[in-house]
Amino acid sequence: MTDTFHVTGGGPLHGEIAVSGAKNAASKMLIATLLTEESVELTNVPRQHETEITQEIIEAVGSKVEWVDEHTVHARASVISSSSVRELSRKNRISVLAIAPLLHRTGEAFVPLVGGDKIGPRPVNWHLDALMKMGVKIEATSDGYHAHVDGRLTGALVELPYPSVGATEQAILAAVLADGRTTIHNAAGEPEIKGLIMMLQSMGAMIQINSGRQIEIIGVEKLSGCKARVMPDRIEAASYGSLALGTRGEIFVRDAEHEHMITFLNAVRKIGGEYEVQPGGILFKGVGDLKGIELETDTHPGFMTDWQQPFVVALTQAQGTSIVHETVYEGRFGYTKALIDMGADITLFSNCLGEVTCRFKGQNHKHSAVITGPKQLHAAEIEVPDIRAGLAFVVAALVAEGTSVLTGIHHLDRGYERLQEKLMGVGAKMERSK
């Protein structure tokens with residue numbers, strides 16, 4: 001029997017919430033500690049299940065991990081005792097990124113078929129193609145991927161078919177200790193990737209970010225330990241901003257970084273919300289009437305796909321029609337059925353309703369949404385399917401009249417640190433039960 005949240009909404013929320021370190025940065029930085037025999041110190045590491053799973057992964061192959069305080073980790077992989085993360089089965093997708101570090105340290109790697117959120121395919125073949133271009137031999141079996149390399153990996157030209165975050169990270173982790181120069185074309189440029197690059201530079205890597213989505217890496221023979229800080233979670237920050245708009249509240253999001261949220265802040269202004277960039281964070285104000293807009297998700301620096309779900313909840317409270325075109329994950333709008341059950345007016349289309357057609361054109365994926373509002377949301381019983389939809393449902397429950405019951409909240413535990421405590425700090429009425 002899993003835990004449930006009982007969430008009572010219908011009123012504005014006010015106060016301050018501090019965002020944690022970014023899950024999407026911390027997990028990759030923990031994996032990167034496997035690249036060196038020396039100790040690495042990471043600060044601002046979030047304490048949630050995704051981080052714990054990643055810790056299990058690096059410990060399973062020999063790393064010694066110590067939590068020095070609530071958010072500081074020392075990790076040292078002086079000896080790699082195993083090239084396999086088989087025992088961790090399919091807990092999450094981060095295990096696939098362990099391939100490159102394990103190849104560098106042992107010449108071989110095994111990772112299981114990957115898990116994670118079910119929001120659409122995330123092609124692992126892009127990871128594998130990048131590795132094979134660097135001389136890695138890979139065998140795919142029913143239980144996972146077996147990789148082997150003779151000697152060092154070799155620098156190569158890696159041309160990604162799409163600026164995939166995971167594939168870009170894999171190529172970077174593979175290239176930093178490869179023999180020669182690697183050039184990644186069509187690379188992702190998210191802030192979390194830049195944070196990983198900064199960490200690797202501190203370890204001795206030679207990495208250049210060029211214009212036109214190009215990253216150039218000259219491999220070195222050895223990396224050293226370092227100290228690095230995990231960036232604040234821009235997804236969490238934007239979710240609280242959407243919460244302020246949807247509940248007509250006022251929330252100061254401490255540690256939200258302006259430079260990471262430019263596109264989101266523009267959208268806040270466009271729908272009639274307000275914000276103030278202040279020392280130490282951003283104040284979001286849900287004052288006045290919201291209005292519908294047209295919005296398109298994209299890779300950085302576009303409107304982030306993970307901002308979309310809680311923002312759509314806010315759009316259900318906007319006057320008029322909003323159009324949201326999802327171009328990153330074709331299955332992302334699955335969560336809208338629950339919002340419709342709560343009273344939202346949302347219609348999905350397989351057409352590209354954005355300014356330009358996207359890679360999903362003609363594939364019959366319902367990746368565009370038309371939202372008409374404002375609509376009063378009402379309480380419902382909701383099963384949480386994944387991390388990001390889960391927080392959108394929490395936002396919807398806090399906007400809605402009555403008490404909603406959310407099951408499957410282990411997904412929220414995976415992605416958010418002390419979520420209930422933070423939300424109750426701004427006036428949310430939430431109870432957790434078995």
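Don't overthink the numbers, they just go from 1 along the chain as shown.
Note that Cβ sites are derived from N, Cα and C of the backbone, with glycine treated the same way.
The active site, proton donor feature in TrEMBL is assigned to ASP117.
Secondary structure from DSSP puts ARG93 (UDP-N-acetyl-alpha-D-glucosamine binding site) in a helix. Taken from TrEMBL, the feature UDP-N-acetyl-alpha-D-glucosamine binding site applies to ARG93, ASP306, VAL328.
As annotated by TrEMBL, domain 'Enolpyruvate transferase' applies to 7-423.
Residues or ranges marked as repeat 'ANK' by TrEMBL: 319-351. Confidence over the repeat 'ANK' (319-351), given as mean pLDDT on the 0 to 100 scale, stands at 96.
Residue environment of VAL328 (UDP-N-acetyl-alpha-D-glucosamine binding site) contains 25 other Cβ atoms, counted within 10 Å of its Cβ in all protein chains. Remark: ASP306 (UDP-N-acetyl-alpha-D-glucosamine binding site) has ILE235, ARG388 as non-local neighbours, by Cβ distance under 8 Å and separation of at least 6 in sequence. Here the Cβ of ARG93 (UDP-N-acetyl-alpha-D-glucosamine binding site) has 18 other Cβ atoms within 10 Å, regardless of which shown protein chain they belong to.
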